[in-house]
Amino acid sequence: MAAAGAAVARSPGIGAGPALRARRSPPPRAARLPRLLVLLAAAAVGPGAGGAARLYRAGEDAVWVLDSGSVRGATANSSAAWLVQFYSSWCGHCIGYAPTWRALAGDVRDWASAIRVAALDCMEEKNQAVCHDYDIHFYPTFRYFKAFTKEFTTGENFKGPDRELRTVRQTMIDFLQNHTEGSRPPACPRLDPIQPSDVLSLLDNRGSHYVAIVFESNSSYLGREVILDLIPYESIVVTRALDGDKAFLEKLGVSSVPSCYLIYPNGSHGLINVVKPLRAFFSSYLKSLPDVRKKSLPLPEKPHKEENSEIVVWREFDKSKLYTVDLESGLHYLLRVELAAHKSLAGAELKTLKDFVTVLAKLFPGRPPVKKLLEMLQEWLASLPLDRIPYNAVLDLVNNKMRISGIFLTNHIKWVGCQGSRSELRGYPCSLWKLFHTLTVEASTHPDALVGTGFEDDPQAVLQTMRRYVHTFFGCKECGEHFEEMAKESMDSVKTPDQAILWLWKKHNMVNGRLAGHLSEDPRFPKLQWPTPDLCPACHEEIKGLASWDEGHVLTFLKQHYGRDNLLDTYSADQGDSSEGGTLARGEEEEKRLTPPEVSHGDRDTQSVRPPGALGPRPALPESLHHSLDGKLQSLDGPGAHKEVGGAAPFLGVDFSSLDMSLCVVLYVASSLFLMVMYFFFRVRSRRWKVKHHHPAV
C-alpha cells in the first residue's frame, strides 16, 4: 500500500507509500500550457502511463494474456491444459513475481500444445465479474484447468510448496500426468517411464526417426522436461526409463544418471556426449540432430502486440495535502470490488466486516454524503439477526438501490495523491495506507466518536480492526502475511491513541525500507523514510552524528497532515458527476478541456471499476433482511425527507421512480373506494325506485 503522505512512494502491497520529491512536483495549472505542451508532458510520463499498461503484454511476452472475453473460451473443451495466474496489477507481490512468470512462460514455450501459461488481470474493470465467477479472493491465485473440460469449472488450485520457477514447472508436469488417458492433451506424449524390456525392443527395431531414452532416478523430472521440450519437433521420439536395474544399465554402458541414450534411424545406438547432464544440454543436442525440425502444430492465434496509444493528463497535486478523492476511490474499490469477491460472509469474516464498517462510519472524515452512507451501512449491519449474509445485499445498499437522498459514494477510481507513473503502481494500496493513517488520527483527535461502539476504551481499536481486515480481505495475501508478522511483534505494546498513530507510522516506514528497490517501487515516487525533511524539518534531528526522529514533532505533523482540516475536495466526484449525466467535479472541467477528445476515454483511473448495473441480479434474501434494510433506510432518511425521483426502477419494461409508484398505489386505492361507493349508492337507489305489483283478489 502506499503512504498516506504523498511524499513517500509506498509500494503496492502493505508496504508501499507515496513520496514526491520537490523537484518533481508538477507545474501549477496557472501556467496554462498550450495544448501541445500538455500532451507532450503527458506522453513523457512514460509508455506505461496509459490505462492499457499491464504486467503482461500480448505479443511481447510468452504469457497468454486472457480477459473476460477469452478466458472461458480458452479453458473450456481445450485440447491443451492451462495454468492461469489471476492477479491484480496493484498487488506488490504480483508485480515482483511478474519476471518469474514471464521466465516460466518462456522456459516452457515448447510445451504450449500440451499446457499453456496464462495470466488475467482482475484489476481491470472488464475482468472483475469473471474473477468473481472464478471465486478469486486473493492475488496472485494460480489455477490449473484440465484439457477437454466441457462444463464450467473454477479450476484446481496450485499446491506447490513454493512459487519458484522450478517448483511450478514440476507441478505442471504432475498436473499433466494426472490427466486420465481419455482427457490427456493429444499433443502430450506419455510421461511414464518404460520398462527395460521395452528398451530392448527399441534397440532391435529400425525406424525413420530417432529414439532418445533418458535414464534417470525416480525423483527426477529431467526426462519428462526433455520429453515436453521436444513436442514441437518431428523425426524424434523421446521417452524415459528409471535406473532401478543396475545390471541392465551396465550392459548399455550407462554409468551415471541422468544420461541420454540415443537410437539412430540406421539402428546404431549409444550414449550422447554433453558437457553437463542438464535439461538444457540434452534438449539442445536432440533439437540439433540432422533431420530433426519443428513441425507445424495447430495453436490458437495469440493476440497481436498491443499498441499503447493512450495519453493520460497528469493530475497536479500538493504533496502536503490529503485528497478526498483518494480516500473515496479506495472506499469504492474496497466495498465494491475487494469485499465483493466474497459471495457471502459469515462467522469471523462477517464480524470483521461489521467492526471495520463501524470504525469507518464513526471516524471517516470525508464528505457528508459518504459519511451518511457509511452510517447507514453500519446501522443496518449492526441490526442484522442473521449469521450469514450474501454480499450482494451489502452492494445493494452501497449502490443506493433504494434511491435515498443525501447518500453517495463515487463509482469511479480516480487517483490524485496516489497516482503513479504507470497504472499498475501505487493506486489502491496507497489509498488504503492513507485511510488507515487517517483513522488512527481521527481516533486520537476525536475520542468521543467511538462511544457506544464497544471500542471507546480500546487504544488499539483502529489498529486491530485494520489488522483483521488486512488479514481476512486484503487481496495481496503475501502483503497481509507480512503485516500480520509486524502486528504480532509489537501491536500489543500500544497503550494510547497517540501511540497507535506512531506505531502505524513506524511500521509503514519499515515496509518502505524493505521494499525500496523492489519492482513494485514507482521510480517517480521512490520509497523514502517519511515525512521527508522538506515536509517536516522539525521531525528530523541529529544525535551524536546519527540522523534520528523527533517523535514529538512527528506526532504533531501526522495529526496535522492526516487531520480533516487538511482534506481537499479537489477532483472529487459529486452526485451530479459527468459520468452520471450531471456536472463535472471541481478540477475536472479544465482537465477535460486539456485532454484531446479522441483519447479522453483512455484514462482508466477515471473509469468505473464496477458500475452498479454490472453487479448482477439481487439474490433472494430472507424477509428479515429486507425489513431490516428498509427500516434502516427510513430511519436514516428522516421523517420529512423524500426519496430521490431522479433514479428510476424498471417495472414492466417502463422506468418508474419511487414517487411514481407511490402515486400509482394511491390512485389505485382511491379508484377502488370510489367504485365501491358508487356501487352501493346505485344499489340503494334501485331498491327505492322498485315498483311493487299487487295481484287482484279473486
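Including glycine, each Cβ sits where the backbone N, Cα and C put it.
Per Swiss-Prot, active site, nucleophile is recorded for Cys91, Cys94, and the stated evidence type is similarity to another entry. Taken from Swiss-Prot, the feature compositional bias 'Polar residues' covers 572-581. Among the features that Swiss-Prot reports, compositional bias 'Low complexity' is placed at 610-622. Among the features that Swiss-Prot reports, domain 'Thioredoxin' is placed at 34-178, with the record citing sequence analysis. The domain 'ERV/ALR sulfhydryl oxidase' feature in Swiss-Prot is assigned to 421-530; the stated evidence is sequence analysis. Feature annotation from Swiss-Prot assigns N-linked glycosylation site to Asn77, Asn178, Asn218, Asn266. Residues or ranges marked as region 'Disordered' by Swiss-Prot: 570-624. The feature signal peptide is assigned by Swiss-Prot to 1-21. What Swiss-Prot lists as transmembrane segment is 662-682.
DSSP assigns Asn218 (N-linked glycosylation site) to coil, not to a helix or a strand. As a summary of secondary structure, the domain 'ERV/ALR sulfhydryl oxidase' (421-530) carries 70 helix, 3 strand, 37 coil according to DSSP.
Cβ neighbour count for Cys91 (active site, nucleophile): 29 (other Cβ atoms within 10 Å of its Cβ, all protein chains included). In the structure as shown, the Cβ atom of Asn266 (N-linked glycosylation site) sits within 10 Å of 8 other Cβ atoms. With every protein chain in view, the residue among the glycosylation sites Asn77, Asn178, Asn218 whose Cβ has the most Cβ partners within 10 Å turns out to be Asn178. In this view, Cys94 (active site, nucleophile) is surrounded by 30 other Cβ atoms within 10 Å of its Cβ, with every protein chain counted. Taken residue by residue, the domain 'Thioredoxin' (34-178) breaks down under DSSP into 55 helix, 24 strand, 66 coil. As a whole-number mean, the pLDDT of the domain 'Thioredoxin' (34-178) in this prediction is 84.
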